[in-house]
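Novice: For reference, TrEMBL lists these features for the protein:
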TRANSMEM  20-36  transmembrane segment
TRANSMEM  57-78  transmembrane segment
TRANSMEM  106-124  transmembrane segment
TRANSMEM  136-153  transmembrane segment
TRANSMEM  159-179  transmembrane segment
TRANSMEM  191-213  transmembrane segment
TRANSMEM  225-246  transmembrane segment
Amino acid sequence: MFEVFDKPYADPVHLPLARDLQPVLLIVFGYLLFVLKLGRQWMAHRQPFQLRGILKIYNVMQILYNGSLLICGLHLIFVESPYNLSCTTVLPLDHRLKLMERTLSYLYYINKLIDLLDTLFFVLRKKDKQITFLHVFHHVFMAVTTFLLIRFYGHGGQVFVTCMLNILIHVVMYSYYYISSQSEHAQQSIWWKKYLTLMQLVQFSIMFSYNLFLYVQPNCESSDGVSITVCSASLFMFIMFSKFYINTYIRNNATP
C-alpha cells in the first residue's frame with residue numbers, strides 16, 4: 001500500500017514539511033486529537049477565552065499572507081505568463097521562473113497547515129457549533145491533499161492556477177473574521193456572511209469545470225490524476241457546502 005511512496009519525488013528540491021508524509025500526519029493527528037477530544041476536555045470546566053487581540057493579529061496575518069500570494073500568483077500567471085492555460089503543466093526544473101513557482105506553491109501548502117489554527121481557536125473560545133464535520137474534514141483534506149499533490153505532481157502547474165480561487169476566498173474570509181472579531185455586535189451586523197458560502201460554491205464550480213476541461217483536452221500533458229483528484233474533491237465539497245448553505249440560510253430562515 002505504501003510502496004507508492006517509494007516513487008521518486010516530483011521535485012528534487014525538498015523543503016521543510018514537504019518531503020515526508022509522517023510529519024504531516026503527526027500534525028493532522030495532533031490537530032484531530034486536540035480538536036475532537038483533549039481540547040474539549042481541557043475547556044470543559046473553563047470559561048471561554050476571548051482571544052480578541054490574538055485573533056486580530058492572526059486574521060490580519062492571514063489577510064496579508066493570502067493577499068501577497070494572490071498578487072504574486074496573478075503576476076506569475078498573467079504577467080510573466082509561463083503557462084498555456086488551455087493545457088497547464090508544471091514548469092521544467094530549469095525554467096527561469098521555477099523558483100518563483102516552487103516558492104509560491106510551497107507557501108500555499110504551508111498556509112494550509114497554518115489554517116488548522118482556525119479550529120484550535122474555536123475550541124479555546126468554546127465555539128463548538130462551528131466545529132462541524134465539514135469544517136474539520138475540509139481543513140484536514142486540504143492539508144494532506146496539498147502535500148500529496150506536491151509530493152507526486154510537483155510545485156505549481158494546474159494545481160497552483162486552480163488554487164488562485166481558493167486564495168481569493170481566503171482573503172475575503174479572513175476579512176470577515178477580522179471584522180467579526182471586533183465585537184458580538186459587529187459579528188451579527190455583517191450582512192454579507194452568507195455570500196462567503198456562495199463564493200465558495202462558485203469556486204468549487206470553476207475548479208471542477210477548469211480541471212474537467214484540462215482532462216478532456218486532446219494531446220495535453222496536464223496531469224489526468226490531478227484533474228480527477230481536483231474534480232472529485234470539488235464535486236464533494238460543492239455538495240457538502242450546498243447542504244450547509246441550505247440548512248443555515250434557507251431552512252433556518254423559513255422556520256417560523
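Glycine too: its Cβ is placed from the backbone N, Cα and C atoms.
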Novice: Restricting to the same chain and to residues at least six past its boundaries, which positions have a Cβ under 8 Å from a Cβ of the transmembrane segment (57-78)?
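Specialist: Same-chain contacts beyond the flanks: 85, 97, 100-101, 104, 107-108, 111, 114, 117, 121, 160-161, 163-164, 167-168, 170-171, 174-175, 177-178, 181.
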Novice: Restricting to CB pairs under 8 Å, which listed stretch, 20-36, 106-124, 136-153, 159-179, 225-246, is in contact most with the transmembrane segment (191-213)?
Specialist: 225-246
Novice: May I ask which of the stretches 106-124, 159-179, 225-246 has the most CB pairs under 8 A with the transmembrane segment (136-153)?
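Specialist: Ranking 106-124, 159-179, 225-246 by Cβ pairs under 8 Å to the transmembrane segment (136-153) puts 106-124 first.
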